[in-house]
Amino acid sequence: MADLKAHIAKVASGAALSFAEAREAFGIIMSGEATPSQIGGFLMALRVRGETVDEISGAVDTMRSKMLPVTAPAEAVDIVGTGGDASGTYNVSTCAAFIVAGCGVPVAKHGNRALSSKSGAADSLVALGVNIELGPDQIAACIAEAGVGFMFAPSHHAAMRHVGPTRVELGTRTIFNLLGPLSNPAGVKRQLVGVFSAQWVEPLAHVLRQLGTEKAWVVHGDGLDEMTTAGVTRVASLEYGEVRTFEITPEEVGLQRSAAAALKGGDGEYNGKALRRVLEGERNAYRDIAVLNAGGALIVAGKAETLKDAVALASESIESGRALAALEKLVEVSNRKP
């Protein structure tokens, strides 16, 4: 049986693991061959030294190899955040997913229940009447008919059960906070990924490049794991092997700057209602941040050349009723008897 001890010793010495070594180490962990103490020691050694692009890439490669896959169109996108930003915003990326679907771009949304906040994507979707306990064929049907399907992370990443208790006991962020958003079960090649800290914006774009992603924006918005209307958003854009970084303000795309407090959400019930009101056409700070993030995803999807044009497309998706129709269709299809 492979042993994690050699990898722990290497990381503890300050050295970095290669892609292959990281892949092996996480293979040991996700196969249940490491003890909780070994897993905890390994994760904290990585965290203290700082995870490298190769280590994250190797870990994601292992996670992808063990996941339950979903079939989605080649042009499908995901809009996902790492969580863990402690901001308590409403479910921006979930709202943006319906807006993007309303623009005719298939969305394969990967997410979970709340881990550190009051409400994760799954919590607000359940409050809206979406059935999240679906098999791969049912999710594929949701994407085909509603333009959006939701993949509930625990249903697709059973190997994570080996690390769950250790992560809870550690009570602090680890490399696993970065792996989930990069391990989409539909294997999407285009993503808008929000990260909890600006330090990860550029490295994660390089991880996605190493793993074969075609186009992605990795973003951090002034403390949020998404693009923000309350300040400046840092972006690392990956396009066919090239990574470049830049900053975005809401004003430059025609949106008003919001107070950070205006973006705060609540529990799943509250966030679900807030999301529906945005899709029904209510104009507020929730809408502005949703169309900004939808705009980023539409750029990644190749639907617009400029973010200003993409934001206009996103607004039109709401005003035409198509974004709300995508939500209502998802509720219908997800609850259909298989």
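Even glycines carry a Cβ here, placed using N, Cα and C.
Features as listed in Swiss-Prot:
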| type | residues | note |
| --- | --- | --- |
| BINDING | Gly81, Asn112 | anthranilate 1 binding site |
| BINDING | Gly81, 84-85, Thr89, 91-94, 109-117, Ala121 | 5-phospho-alpha-D-ribose 1-diphosphate binding site |
| BINDING | Ser93, Glu226 | Mg(2+) 1 binding site |
| BINDING | Arg167 | anthranilate 2 binding site |
| BINDING | Asp225, Glu226 | Mg(2+) 2 binding site |
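Closest to Glu226 (Mg(2+) 1 binding site) by Cα-Cα distance, out of the binding-site residues Thr89, His110, Arg113, Arg167, is Thr89. A distance of 7 Å separates the Cα atom of Ser93 (5-phospho-alpha-D-ribose 1-diphosphate binding site) from that of Gly81 (anthranilate 1 binding site). In the three-state DSSP scheme, Arg113 (5-phospho-alpha-D-ribose 1-diphosphate binding site) falls into the coil class.
The binding-site residues examined here are Asp225, Glu226; by Cβ neighbour count within 10 Å, the least packed of them is Asp225. In this view, the densest Cβ surroundings among the binding-site residues His110, Arg113, Arg167 belong to His110, judged by other Cβ atoms lying within 10 Å. Cβ environment of Gly81 (anthranilate 1 binding site): Val92, Ser93, Pro181, Val193, Gly194, Val195, Phe196, Asp225, Glu226 lie under 8 Å away, each six or more residues apart in the same chain. Counted within 10 Å of its Cβ, the other Cβ atoms near Ser93 (5-phospho-alpha-D-ribose 1-diphosphate binding site) come to 27, all protein chains included.
Here the Cα atom of Arg167 (anthranilate 2 binding site) is found 23 Å from that of Thr89 (5-phospho-alpha-D-ribose 1-diphosphate binding site).
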